[in-house]
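Trainee: Shown below is the structure under consideration.
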């Protein structure tokens with residue numbers, strides 16, 4: 001809309017001073033003459049701006065008006081139905097006309113391009129306005145339908161109220177009493193339902209509290225179960241280590257028992273089958289206890305196995321070994337009485 005009002009300002013008749021006349025007067029004060037002056041370029045699209053040139057007396061160098069300086073040039077767009085009408089609050093706009101003789105080809109091209117952009121902008125704004133009108137129209141239709149529906153509902157309610165008033169005016173007292181009794185019954189039922197609701201609300205509150213307590217207990221049990229599981233795993237690892245140690249000790253004990261049994265069998269006398277408390281070795285290499293040596297020496301004086309003459313000698317080191325074996329087997333045993341070990 002702003003672009004349309006700007007284009008409408010071109011239709012007013014006014015001819016600004018040509019650029020050649022401005023540059024021809026030596027006393028004219030140009031804003032671009034000083035380097036520090038702030039010059040402004042006024043275009044056909046400047047809002048509410050008026051040219052700052054002063055009216056000058058025509059000089060011999062001034063160019064006479066041409067037919068193209070009139071407002072009827074083809075570059076002025078006619079007023080459209082969408083142009084904004086003048087209001088008492090709108091500011092006056094100064095007309096600005098195009099002068100083909102005072103404009104170069106590049107300026108004309110630039111102005112044509114600007115006019116095209118302004119037209120595209122106005123078309124876009126027009127499209128937006130049409131869309132807004134369509135939306136407003138749809139909203140108005142919806143509001144109209146809503147008002148119609150409300151009017152129909154209000155009419156229905158009015159008809160119902162009229163029927164009730166006609167019943168009351170007609171003297172239907174019995175029906176009114178029945179309605180009052182029904183309302184009283186409904187109020188009593190509502191009170192019962194309210195009391196039931198209060199009881200159920202209390203029960204629900206108690207159930208929520210119990211549920212929270214059970215949830216807390218469940219969490220506590222979960223923590224305890226996790227602790228018990230960790231302890232169980234630790235005990236399983238400990239039991240596994242103890243079982244390995246037990247197996248190892250059992251193997252060592254079995255080996256020691258076998259070695260001890262072999263030692264016992266070695267120090268056992270083959271004649272009397274008792275431990276040799278004082279073992280004696282014969283010249284043939286057989287070992288007998290001192291008692292058996294004495295008995296066989298009294299009978300013939302030869303070895304009972306190979307009949308070689310006896311020359312018994314007591315083995316002192318083996319005697320100490322036998323004493324230790326006897327002490328391990330039967331603690332507190334005497335050296336005098338030999339112990340039979342089966």
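Residue numbering: from 1, along the chain as shown.
Placed from the backbone N, Cα and C atoms, the Cβ positions cover glycine too.
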Trainee: If you check TrEMBL, which stretch out of 148-182, 183-217, 218-252 is marked coiled coil?
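Mentor: Here TrEMBL associates coiled coil with the stretch 218-252.
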Trainee: Which bits of the chain, at least 6 residues beyond where the coiled coil (218-252) starts or stops, bring a Cβ under 8 A of a Cβ in it?
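Mentor: Same-chain residues near the coiled coil (218-252) but 6 or more away: none.
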Trainee: Looking only at the coiled coil (218-252), what is the mean pLDDT?
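Mentor: Summarising the coiled coil (218-252) by its mean pLDDT gives 88.
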